[in-house]
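Novice: Got a structure for you, written out below as structure tokens; questions coming shortly.
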Amino acid sequence: MEVCLTESLKNFFKDDLEQFEIKLEEISRRNIDIPSIVIQIKRCCYQILEKNLWQLSYKVFTYEFHKFREENNFPINKGSSVAYNHYVSQFNETTISVWFEKYPVYYELIKNSVKNLLEYLTDVINNYYKDYTLLEDAFLSKNTRIEQVYPMDSDPHNGGRIVLCFVDSNSQRIIYKPRSLTVDKLVREIFQDALNIENTLGFIPVPLSLDCEGYGWQEYIEKSHVNHCELDKSYFNLGYCSAVFSCLGAVDLHDENIIFNKNRPYFIDLETVFQPANKRVIKNLVDTVNEMLLNSIVTTTIMPSKLSVFPHDILIGGINTLFPQETNEKVFRLKDFGTDGMDIVKETIKSTKQSTSFLFDSARDIRPLEFQTEFIAGYEKGYYKVLQSKNQIKRVVSEGDCILRVVLRPTTQYYLLIDACLYPENLTSLESINNNVLNYIKSSKIFTSDLDTQNIISEEKDMLISGDIPYFYIKYDSNYLETFSGFQSRCFEMSPKENLLNRLDKSSEKQLSLDKRFIAEGFSYIRMVESRFRNDLKNTEKNSPLFNKLLDSLESLDTNYMIDFLLENSIKTKNEEKMGWLTGIYGNTTLSYNSIMQVSFFDSAGILFVFEHIKNKKYTKKIISAFSELQKILDSNENGSSDSIISGKNSLLFLKGYKDQRIPEMEESLISNKSNLYANDLFLQPIGVSHVLSTFSCSNFELMKSQLKSIDYVNSDFKKFGIAHGKLGIKWAEFRLNQKLNNFEQSDLIFQSVLEMMAEVKKVENGWCNGSSGLLMVLYEMARRLNKRIDLFEFARNCTEIDDYDDYLEIDLSVCHGVAGKVQSLLFVYAITDDKRFLDLANKYWKKVFVIAKKNGYYTGEKSRDYLLGYFLGWSGIIDTAILLKNYNKGEKSYIPLNLSSESYQKELFNIK
């Protein structure tokens, strides 16, 4: 049917096609000295035309077929093709004429599609003859002929114009692009003239371009196989080039924009690489952190990300896993085609995303994780080269000129809109297509200072109605958004040129330090995908080399390097009064890299304790100053009223006030909380706040009494065993509240019931938040408060048992449910009992796990994630535990954050006067 329909449409436009062919012959005769490409252009024309006509028509065909079937009393039957064959047999130009009368918009779409394609290819053949001498000099061998012209897989813009590939008799290819190539030339000049990259890498990573005002010719980069022995050089080169693009503020460089020819990465389709922007006022720490994120490698999309326009479990990036990533998508498709039951249905299908930058000789080469070291080495070298060459780059950038495309919304959205427009009920009139589809277009999320939203949407509608993917552009030194129809609107405060220079100015060694952690985060995203397919990750793949020295310092308790590491990754306001961190994304979130609002005890705020434990008031002051600012933001945010003692506003109040006798703001949060939920979760519910407040000497007595009533084991639903989200946490809170209220008999009963919980530990984990190490801490606190003697050293030893001979055992180093949490529990018990066995056990266990971590690999709270900096999940909690261990080894009983109590409470427990 596809052939029947497209042939009928071609016959309908027979005169136009004949005139087109005559015109091609005339142009060729005028250029008799140049090898003709008339036949090749004709073939290309019909290849494109047939595809376009079918895509624009199959919905109308399906609808009209079913009308015919109903009128002739044929049943819906996917097991029969009687009605279908009958309909096809009488299909001709008359059928098309009837369609055009019924669906005027469809007629306009088809007519414009044919007209635009013929005009475009006429321009192409004219440009070929006009530029032939230049093409011979730049791309073609002498006396060769063009054997083939074919369409590339590109989006149609500005009258259906797409990218074409010319192939000569020597199989050499040239790309014809229906857009200005000035930006490609500018980027090439930066690499060639400002950075002299050929002397460093031996090649220029941007194809040679011939710009011809509005269109251009470009060198075709052959994607070639990469040998395993060349992969280290491939990733070094990619890292070097990535640093340059990052410093220039480049965007949209995912795997489709990077082609490897042997070990050389080439960057193609650079029409969106530089963008305009609006000026950002840096008023506070959040603005500063956001600015550092926006100035990082993350915005290039070279590092893999979960983008909101793709299914969330698909990574998009220049560096990516080579394994297929499957996800479910809802699509409309033609089902049971060729039968009497054919229909267009909405189905959930499995779609696959696979990285396309490399070709490999063998499956063993599909290992990007092995080459993080080389990528980082290249990135550092490239970044330092940019820092050394800023003046040369500024000269090229300042003298340059180009045109850039501005993408207002994802291309996938435009395709969905065009797809919706092509349903027959929408093709009867422009009013129908607008009312049913296009009037639902919302304004773009792009941030502009003076955006004429309605006019821009109107431009988008006009282009979509003509079957085009909307195309907006901006001149290099302009603030105006434009289209080729003459539309103009001043939408941006900074031109692409200004933005580029601004971004270049902001490149710095500090930014480089942050970028390296983002690189580790990106490789961890890849590791998480690859772990679904592989169980044979090498040590070089399991962890980033960035953390090797940190691992050594933790093992040896070298606190100087640990502190330097945290400071290197910190972000300070310009006046250096406030300090914060981007601690990294965890959990199944739709975000990548953007952890700006992860500010709590659980995340970056917990880093306060690191500086408290080394008695550095200078930095504790900066961190606490940041709290005040962030509290205001959390107050204005819907999530800011979090009941949690480890996250949100209450956790910040606790950190600020843990040395005080009372925290009135936390009490207020309990009083204002109107929920009557039963206490199930110490971490997430108000019971956790009560639990902590009960350790402050001057907390409201009546409030504690009312909070005790929320504990109801009959109606509670405990999902887990431990402190976090489990029964143990609630028992712990119940004990403290009863102690606070002088209910000593009840306290004793609770203690006995928790002792009985020891029988369950074989069935659970042995971390602090989720198992036996947490139980150890709770029991010793209860015993101390009740003046009871217990000896659980053997139990503690069991908590720290580890199989030295398990070569697949990766070590969880985290505070929450890993090594650091267990050690804090052991130190807590030692502080209460002065039993040196527990301190010795903590030291032995600490040393042992780092030996295994170096051998087998590790993570910082979640499998495959080694980049997290937070307290409960991340390096800062691990570092703080190392500092605590060192302090206790020196005889200093420091405050233990995981006990979730006031400083005065712990001093009483530890018998510190």
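Along the chain as shown, the residues are counted starting at 1.
Backbone N, Cα and C define each Cβ position, glycine as well.
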Novice: Same Zn(2+) site as Cys816, His817 according to TrEMBL: which of Cys698, Cys769?
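Specialist: Among Cys698, Cys769, only Cys769 appears alongside Cys816, His817 as Zn(2+)-binding in TrEMBL.
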Novice: Residues near the Zn(2+) site, Cys769, Cys816, His817 excluded, by Cβ within 8 Å of the Cβ center?
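Specialist: Going along the sequence, the neighbours come out as Gly722, Ala724, Gly767, Trp768, Asn770, Ser814, Val815, Gly818, Gly821, Gly861, Phe872.
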Novice: Look up Cys816 (Zn(2+) binding site) in the DSSP assignment and reduce it to helix, strand or coil.
Specialist: coil
Novice: Among all protein chains shown, how many Cβ atoms are found within 10 Å of the Cβ of Cys816 (Zn(2+) binding site), not counting that one?
Specialist: 26
